[in-house]
Amino acid sequence: MNPLSTPQGAGAPSAAAPRQAGRAQGLALMGILAMPTLALAALVPSLPQLFQQFSSVPNFQLLVPMIITVPSLCVALFSGFMGAIADRWGRRTLLLVSLFAFALLGLAPMMFDSLLLIVASRVIVGLAEAAILTVGNALMGDYFEGEDRQRWLGYQNMFAPLIGSAILLSGGFLAGMHWRYPFLLYLSGFAVLALAWAVCWEPVKAAAASDQPPRPAAAPFPWRLSLLVCGVTVLFSLVFFVQAVQHGRIFGDMGVASPERISVLATIASLGTVVGGYLFKRYANVTVTRWMAILLGFYGVSYIGVAWAPNLSVGLPLDALGQIGGGLMLPVLVTWALQHYGFEHRGRGMGLWGGAFFLGQFLSPPMVTLIGGFGFSFLGSVAVIGVVCLIASAILTLTHKKEQ
């Protein structure tokens, strides 16, 4: 655990014992980092009702999907900006304000009848989500180090699919009663806000203690290094979102026609994410480079396998292999990104990382379409991406052996 943090409002760091993060902070960060999942999964089941409700509004076919997609777009565009605010004015205040705005504006459609007002409220939800994701990842680096950080990142990705499934099922149940009711799930944001207010403190670098010699001015932000981090992150996220965004189409092209059955199969396959999170938590001595090679190997076998699977009985386990890679990807990339940023730049750095990762959500579908333009079917395009993953996995494996 990181012993270099002091509570907000404490006196000089030299006058108080350093405060150590533990289970309460880890659980709070898991709740904080689950909020972006809530923003997406809660409303997916209500999309048909939303189309029906606003069918008389001009351009409703464009505006209704924006209720779901606008928050993710804001994360991609504004996470770096939110990180700069966190580095300059502090993590805790930005986190608490953002959680409050996220919960309050998330509930706003309960009162709004105007589609334009609902979409506008989703912009603010997206800005808050960008701050929440950025500060949550930065605090993971501030509060925990080494194996402790790896353990909590593993827990987060073990439980993320379970939380997502619970939100999805709850959203579907509430949408069956009224199109507004899924927005009630944003009430959970107030519970996370209360927990964060109670157990999260503003991290302060120990070198700021009064008995330490004056520090030199902070180094400029490492833009070249960030370009590398963000570029690699976009490449990995392109692979991740092939399955995350188009899971239903993968099963559809495997011969599954029923939306209900697709949902059940996707939920079963998502258990692979739990396995991936557990593997990351369990094997703390594995290097990031090796993890990258392993997760790309899982994706490669999965994407090639689902394209050539003779039936669903073979295709479903192969699809789950990709989910294992997905369960590894986020903790591996977060760990790798955190290694490149010191305390002074961690907020902006992780904000840029979050923006780069979510950018893949918008670039991945056009990438699949582009590959299809060379004569490949949808699953054929997925297989091509799988081949690239295996090649990249082999290159990383050879690189890792040379480093040793």
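A Cβ is built for glycine as well, from the same backbone N, Cα and C atoms used for every other residue.
Database features, via TrEMBL:
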DOMAIN    23-404  domain 'Major facilitator superfamily (MFS) profile'
TRANSMEM  27-48  transmembrane segment
TRANSMEM  60-81  transmembrane segment
TRANSMEM  93-112  transmembrane segment
TRANSMEM  118-139  transmembrane segment
TRANSMEM  159-177  transmembrane segment
TRANSMEM  183-201  transmembrane segment
TRANSMEM  221-242  transmembrane segment
TRANSMEM  262-280  transmembrane segment
TRANSMEM  292-309  transmembrane segment
TRANSMEM  321-338  transmembrane segment
TRANSMEM  350-368  transmembrane segment
TRANSMEM  374-398  transmembrane segment
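Scored on C-beta pairs under 8 angstroms, the neighbour of the transmembrane segment (262-280) with the top count among 27-48, 159-177, 350-368, 374-398 is 159-177. Beyond its flanks by at least six residues, the transmembrane segment (321-338) meets 137, 140-141, 149-150, 153-154, 156-158, 160-161, 229, 233, 236, 239-240, 243-244, 269-280, 288, 291-292, 294-299, 301-303, 305-306, 346, 349-350, 353, 357 of its own chain at Cβ-Cβ distances under 8 Å. At the 8 Å Cβ threshold, with sequence separation of at least 6, the transmembrane segment (183-201) comes into contact with the transmembrane segment (159-177) through 3 or more pairs. Scored by C-beta pairs under 8 angstroms, the transmembrane segment (93-112) has its highest count with 118-139, from the stretches 27-48, 118-139, 374-398. Long-range Cβ contacts of the transmembrane segment (159-177) within its own chain (Cβ-Cβ under 8 Å, at least 6 residues beyond either end) map to 30, 34, 37-38, 41-46, 49, 184-185, 263, 267, 270-271, 273-274, 277, 323, 327, 330. If one looks beyond the transmembrane segment (374-398) by at least 6 residues along the same chain, the residues whose Cβ comes under 8 Å of a Cβ in the stretch are 239, 242, 246, 249-250, 253-254, 289-290, 292-294, 296-297, 299-308, 367-368.
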